[in-house]
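Asks: Copying in the features that TrEMBL gives for the protein in this structure:
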COMPBIAS  151-162  compositional bias 'Basic and acidic residues'
REGION    151-173  region 'Disordered'
DOMAIN    188-359  domain 'Pycsar effector protein'
TRANSMEM  207-227  transmembrane segment
TRANSMEM  242-264  transmembrane segment
TRANSMEM  342-362  transmembrane segment
Amino acid sequence: MAKEARVLAAAAGLGPADTEALLVAAWWHDTGYLDVYDGHEYRSMERAAAWLATQGAPADRIELVQNLIRATHRDEPAETELQQLLVDADMSNLARDDFQATAELLRTEWEVALGKTYSSADWAELQLAFMRAHRYHSEAGKERYNKDFKANKKAQSKDLKKVEKKTKKRAEAKTGTFAEPKRGIETMFRTLYSSHMKLSDMADKKASMMISLNAVLLSVIITYLGAKSSALGPSFTRNPMLAVPMGILLLTSLGSVVTAILSAQPDVTSFKWLKKSPEIATNRRVNILFFGNFTKLSLDNFQAGMRELMREKDMLYTNMVTDIYYLGEVLDRKYGLLRKSYSIFMVGLILTVLSFGIVLAYKS
């Protein structure tokens, strides 16, 4: 700033005394930062006065320097030519090539010293508003700074538009439609749905196999027992060689087929209370893409929920994630019951063979 003050003093044709006063004020006008941040100019006046007094400066000279420093405060007017020159030198950074870089440093300074934080859009808007309100006062200042100042102001306006455009795009990305999906996300959902459907189909086929096997086994056992009972009469039921193994095999087959049927039984997860509270259809925990949920809604409520879903991409993804979660719950139940069916069948066969062996050993 002192360098700019010297240049302006020369351009304005100031005499040695005024130039000296201007330069002293320029050197001292920011020293108040050592004591206080906001309103540092007034503290700078005191520091400058104390130093000038030690140098033997007359009172009117000290007062002149103090008045010059006071004029650099944002709320003080710049009335005299010297004050206008000093204020213009103080604001010379607005016309410098590195204006943007120094502005970012000022932003960081305010965050640290004043605790003020700004988004990129807010900071760009604040800077542009300040530049639009600023005017250089002295003729020398106007001549030296106006051209570059206007260029910087134009560049700042362009930067603000760029920041606002980016902010708008981010907002649209949050509340936009599903018209621009991410390919990776689409692939992930497609793979998950495909794998869930394949696993469900595999579980149903395995359950069908167990049902068929045990149905045949039950038919054979019941037919055999019925035939023997008719031929031998009540004495057949008291024959441990046949009654015990057949009883175990019959219970095994029955337990296995029941769990297999439960595994293959359709299971529809739904929120039954949607009928009473249809407004919850827009809740991110409720998947209205699934028929078990949206059939609980009226057509109007379903259409309203779908419009909300299409308007918010994040909500659509959340619904799909919710759907996958509940599909996983159904699969977990299917495979749990199927595992029990196979275990019952395996253990039952082992017990049947063991019991038959024990009966044979006992008879012999």
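Cβ from N, Cα, C; glycine included.
Automatic, uncurated: that is what TrEMBL annotation is.
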Asks: Tally of helix, strand and coil residues over the compositional bias 'Basic and acidic residues' (151-162) according to DSSP?
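Replies: DSSP composition of the compositional bias 'Basic and acidic residues' (151-162): 12 helix, 0 strand, 0 coil.
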Asks: Same-chain Cβ contacts of the transmembrane segment (207-227) under 8 Å, 6 or more residues past its ends?
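Replies: Distal contacts: 246, 249-250, 253-254, 256-257, 260-261, 263-264, 334, 337-338, 341-342, 345.
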